[in-house]
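Enquirer: First the structure, which I've put down as structure tokens, then a few questions once you've had a look.
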Amino acid sequence: MASSSSFCLLAALLALLSWQAIASDPNPLQDFCVADMHSPVRVNGFACLNPMDVNADHFFKAAMLDTPRKTNKVGSNVTLINVMQIPGLNTLGISIARIDYAPLGQNPPHTHPRATEILTVLEGTLYVGFVTSNPNNTLFTKELNKGDVFVFPEGLIHFQFNPNPHQPAVAIAALSSQNPGAITIANAVFGSKPPISDKVLAKAFQVEKGTIDWLQAQLWENNHY
């Protein structure tokens, strides 16, 4: 009987640990934990501000997400509202972004290491997709119109492209983390500081070293603001 009880206890403990391992953000243990940006304490996220010092402004930002944004040379602008802009998002596991697309603009292939994304098209048309992990690397794509919704699973490479040469597009994305992170593939591979060895990249992409040198010499502009 004791052995059976010990086994059940161990199984329950492992289940709890596994659940914590797959959670994107830790679940809150109180009503809120407004981020104390000035605390010297280093935790996974931010330390909590004293609840007695919290007010409504900690949960608010006049973000003007209804206002069009200027796009960069790849034709997009991502305006992310996360815990850095709204301290009240700390431990709540959510953030939001407005994405503007110029005609023929794109939000280039990228990944969010800590979040699933659900995207809603507000204006225009978008061609979107994501690629599954190795070994299959299956591409799932869809053309979205105003009011359509699409989901990008956590950690997978995905993109959005405005196929209209005359009209811009706008989307709103919700992400399942207070700080989802973004890794733009081209920027990370060819624009890292210091640069990745051109010998490594030439071998990886199976191209001439000169091609890699040319790519690394480009200005890899960020589209997250």
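Sequential numbering from 1, following the chain as shown.
Note: Cβ is positioned from N, Cα and C throughout, glycine not excepted.
Annotations per TrEMBL:
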BINDING   N107, H112, E117  oxalate binding site
BINDING   H110, H112, E117, H158  Mn(2+) binding site
DISULFID  C33-C48  disulfide bond
DOMAIN    63-213  domain 'Cupin type-1'
SIGNAL    1-23  signal peptide
Enquirer: How long is the line from the C-alpha of H112 (oxalate binding site) to the C-alpha of H158 (Mn(2+) binding site), rounded to the nearest angstrom?
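Expert: H112 (oxalate binding site) to H158 (Mn(2+) binding site), Cα-Cα distance: 9 Å.
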Enquirer: So among N107, H110, E117, H158, all listed as binding-site residues, which is physically nearest to C33 (disulfide bond)? Use the C-alpha atoms.
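Expert: The smallest Cα gap between C33 (disulfide bond) and any of the binding-site residues is with E117.
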Enquirer: Quick check: which same-chain residues outside N107, H112, E117 lie with their CB within 8 A of the centre of the oxalate site CB atoms?
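Expert: In sequence order, the nearby non-listed residues are V78, A97, H110, T111, A115, L119, F152, H158, A173, L175, P180, A182.
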Enquirer: So which other residues, same chain and not among H110, H112, E117, H158, have a Cβ within 8 Å of the centroid of the Cβ atoms at the Mn(2+) site?
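Expert: Neighbours within 8 Å of the Cβ centroid, excluding H110, H112, E117, H158: T111, A115, F130, F152, L156, I157, P180, A182.
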Enquirer: Using a Cβ-Cβ cut-off under 8 angstroms and a sequence gap of six or more, which residues of the chain neighbour H110 (Mn(2+) binding site)?
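Expert: Expected: I157, H158, F159, A182, I183, T184, I185.
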Enquirer: What is the number of other Cβ atoms found within 10 Å of the Cβ of H158 (Mn(2+) binding site)?
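Expert: 22, counting other Cβ atoms within 10 Å of H158 (Mn(2+) binding site).
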Enquirer: Considering the recorded positions C33, C48, N107, H112, E117, which residue's Cβ sits among the greatest number of other Cβ atoms within 10 Å?
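Expert: Counting every other Cβ within 10 Å of each candidate, the maximum falls on N107.
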Enquirer: Between N107 (oxalate binding site) and C48 (disulfide bond), how far is it from one CA atom to the other, in Å?
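Expert: Given the Cα positions, N107 (oxalate binding site) is 34 Å from C48 (disulfide bond).
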